[in-house]
Structure formats: structure tokens, C-alpha cells
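Annotated features, as they stand in TrEMBL:
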DOMAIN    5-192  domain 'Electron transfer flavoprotein alpha/beta-subunit N-terminal'
BINDING   ARG216, SER241, ARG242, GLY272, ILE273, SER274, GLY275, ALA276, PRO277, GLN278, HIS279, ASN293  FAD binding site
Amino acid sequence: MGADIWVYIEHAEAAPKKVSLELLSCARSLSTELGGNIVAFVPGSKIDQVIAAVGSRGADIIYAAEHPLLDTYTTDGYAAVLADAVRAESPAIVLVGSTAQGRDLAPRVAARLGAGIVTDCATLAWRDGKVLATRPMYTRKAIGTVRVTGGGPCIAVVLPAMYPLPDADSPRRPEVRRRPVHLDGKAIRTSVREVKSVHRETIPLIEANVIISGGRGMKGPENFAILDDLARALGAAVGSSRPPVDSGWVPHDYEIGQTGKTVSPQVYLACGISGAPQHLAGMSGSKYIVAINKDPNAPMFQVADLGVVGDLFEIIPKLAEAVRKAKSQH
Ligand SMILES: Cc1cc2nc3c(=O)[nH]c(=O)nc-3n(C[C@H](O)[C@H](O)[C@H](O)COP(=O)(O)OP(=O)(O)OC[C@H]3O[C@@H](n4cnc5c(N)ncnc54)[C@H](O)[C@@H]3O)c2cc1C
């Protein structure tokens, strides 16, 4: 087994996902202990723009695995290509972002390689020749430390927003190596006919440093417009608790919590959300929590750094106005 640290670069619309870039920072911290190269693995077809975007973020080498059959993500195609490359090059560890695609891909690659895998990692370290990972457990009530035993490369699936985004102007200029890809179309058992993007007013949750979430206290779908307005002013994303999703007010991918997304932005603004344990499970790792609720006894205030007792319908528009005014003065 070598000492290289690989980062699987997930991308969409010709841009790498933020979590994949964050993993280059994770790889950099591991490399001080491991000493190997940081390798960004970019599969796909027509990936030059992605490679250019990864280029200055601190990778030593970029492996480009290009093939027309990799035009859209399929589990069979991508798992085959990544597993073949890992088998051939034998890195110490492969880092994959904990996204829908990463969670689909990583276990299949691990199974093909007979490799150890650890999922939902918050931090990673390298101790005595093995990977040591911390991961939140029991809806974040405990943090487990996992040591991956066994030889060969290990696959680590890392949560978003755990590592900083590396600077875009690293002096390192990675060497780009084109890997030959051998793919048999018959081995890909699914075909993607169409990809439909959900229209969002604001940036995706997983990419955001600031998230504004609405709960049942929003009272109806039309009122999410005031959260969209504040989000636009702040450059934030909009999410929700489960009731607005169950009531069809917002799409399913807004949901944060035990059965939704896990997020850890710099700032999480909870509007009309009581603070049930199932919601806290998805956002209590946020750096700074602000709660707006008209009930002073709402459990959300117990985890909030800043609590505002009041009517969100009065506060949110005023806040958006104040943000716009402050921005216009700079
Ligand atoms: C197995 C399971 C999984 C679950 N998974 C999830 C999950 O992933 N995510 C999730 O969120 N929930 C989940 N739930 C549901 C969870 O238990 C709660 O029911 C839910 O989180 C409550 O959402 P809420 O806080 O928006 O609504 P409520 O608990 O009804 O709270 C609404 C809040 O809005 C406040 N409010 C009302 N009007 C205003 C106003 N004008 N201004 C300011 N404040 C106002 C109220 O004071 C209240 O605190 C799950 C439940 C189960 C059983």
C-alpha cells in the first residue's frame, strides 16, 4: 500500500462540489502524517473545466478518468472506474464526500476492493499506520472514534463542512495525468434518460455557509418567500424542518434532520422551529445557531447561541432590510 491520499471529486454542471474541495484540506492535514501525494480523482466526460477548478486548490496530482460512458453518474460505471484505479495505484486512503452520490459509490467500491470503509466521518487522522476517524452517533448525542483495521486502502466518507475550503490560489500546480479507462457498456446496468434539476431560489443547502430554515411556524408555502428574500440578501440557503416538507410547502430536499440532511454551516437561523430532537440531529453541529420563536420555552433556545423571542413575520422582513442597508453602505 502506498502513502498517497486520494480525493474523489464529485462534480455537477462542470464544477466540483464544495465538499470535494473541502476534502483537499482534509487530505492536506493527513499528508503531514502520511507524507504521500494528494491526488484528486476526477471521473466523467468533458471534464476540463472541473480539472481547471480543482487545479489550484492544493492537489499534487490530478487523475483524469475520462470516458463517454461516464457522462452521467451511474453506480456501475463510476464504481468500476474508481475501483480499478485504486487497485492499480493502491493509495493509503480514498476520501469521498458524504453526498447522495458519495454514499452510493463508496460502499460499492469498498466491497469490490475488500477494503475497510468508515462513513459519516467528522475528522480523520492517521495513527500508527491506520486511519482514525471520529463520527457523530445516536443523532449526535455521542462521538465515536473508529479505527480502520486490515491492510490495503481504506475508504472514508466525510461529512460536508468539516474541513475548510482550501484557497483557490495555492502555488501548487498539479500534474494532470490522463488515466486510460476501460468500460464495457454492458456492465452498466442502468441508463440515465434524463436529469431534472429542482429549481431553487437560493444556493443548495450543502454548499451554504449560512442556512435559514423555516418550520411549521411559517404557516404556509407562500411565506417561505420572506426566507428566500433574506437568503438572497445574505447569500444563504433555505432549508426546513419536516412539517413543511410533509405538508408539501417546500421540496423534500429542504428537509434537515434525522430523516433529512445533516448540515453544519457557520450560521443556522431557525425560524418557527420548536427544536425537536429529530431536527436537532441534523443541525446541532452548526457553528452559530440563531433561533426566532414566539414561544420563550421552545427547546430550540436551549441550543441557540442567540435567541430572539418574537413573531418571525415581523422580524424576518426587518432583518432582510437591515442586511441590504448594511451592504449598501460598504
Ligand atoms: C422517525 C422520525 C423522524 C423525524 N425526522 C425529522 C427530521 O429529519 N427533521 C425534522 O425537522 N423533524 C423530524 N421529525 C419530526 C419532529 O419530531 C418534529 O415533529 C418536527 O421537527 C417539528 O417541526 P417544527 O419545529 O417545524 O414544528 P413545531 O414543533 O410545530 O414547532 C413550530 C414552532 O413555530 C413557532 N411559531 C409559530 N408561529 C410563529 C411565529 N409567527 N413566529 C415565531 N415562531 C412561531 C412555535 O412557537 C413552535 O415552536 C421526525 C419525527 C419522527 C418520528
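Every residue, even glycine, has its Cβ placed from backbone N, Cα and C.
Close contacts with ligand 1, defined as a Cβ under 6 Å from any of its atoms, occur at ARG216, ARG242, ILE273, HIS279 among the binding-site residues ARG216, ARG242, ILE273, PRO277, HIS279. Summary: among the binding-site residues (GLY275, PRO277), the fewest other C-beta atoms within 10 A of the C-beta are counted at PRO277. Cβ crowding, taken as the number of other Cβ atoms within 10 Å, peaks at HIS279 among the binding-site residues ARG216, ARG242, HIS279. Per the record's binding annotation for FAD, residues ARG216, SER241, ARG242, GLY272, ILE273, SER274, GLY275, ALA276, PRO277, GLN278, HIS279, ASN293 show a top Cα-Cα distance of 18 Å. Counting only residues at least six positions away in the same chain, the Cβ atoms of SER213, GLY214, GLY215, ARG216, GLY217, SER241, HIS279, ALA291, ASN293, MET300 sit under 8 Å from the Cβ of ILE273 (FAD binding site). The DSSP secondary structure for PRO277 (FAD binding site) is helix. Mean pLDDT across the domain 'Electron transfer flavoprotein alpha/beta-subunit N-terminal' (5-192) comes to 93 in this model.
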